[in-house]
Amino acid sequence: GVPTDVKCRGSPQCIQPCKDAGMRFGKCMNGKCHCTPK
């Protein structure tokens, strides 16, 4: 995935930030959202 600066505690928190970044969905890894490119 693509690392972002969005802090998270769970993967559901990453869905919207990744959409906003033009990507599909994300996982929370090491406290940061990692998004999946389209």
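Note that Cβ sites are derived from N, Cα and C of the backbone, with glycine treated the same way.
Keep in mind it's a predicted model, so treat the numbers as computed, not measured.
Copied over from Swiss-Prot, here are the features:
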DISULFID  Cys8-Cys28  disulfide bond
DISULFID  Cys14-Cys33  disulfide bond
DISULFID  Cys18-Cys35  disulfide bond
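Here the features listed in Swiss-Prot are painted onto the structure.
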residue : record         : DSSP (3 states)
Cys8    : disulfide bond : coil
Cys14   : disulfide bond : helix
Cys28   : disulfide bond : strand
Cys33   : disulfide bond : strand
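Around the Cβ of Cys33 (disulfide bond), the number of neighbouring Cβ atoms within 10 Å comes to 26. Checking each of the disulfide-bonded residues Cys14, Cys18, Cys35 against Cys28 (disulfide bond) by C-alpha distance, the shortest gap belongs to Cys14.
Under a cutoff of 8 A between CB atoms, and with a sequence separation of 6+ in the same chain, the neighbours of Cys14 (disulfide bond) are Val6, Cys8, Phe25, Gly26, Lys27, Cys28, Cys33, His34, Cys35. Highest local Cβ density among the disulfide-bonded residues Cys8, Cys18 belongs to Cys18, counted as other Cβ atoms within 10 Å over all protein chains shown.
Summary for the disulfide-bonded residues Cys28, Cys35: the Cβ-based neighbour count within 10 Å is maximal at Cys35.
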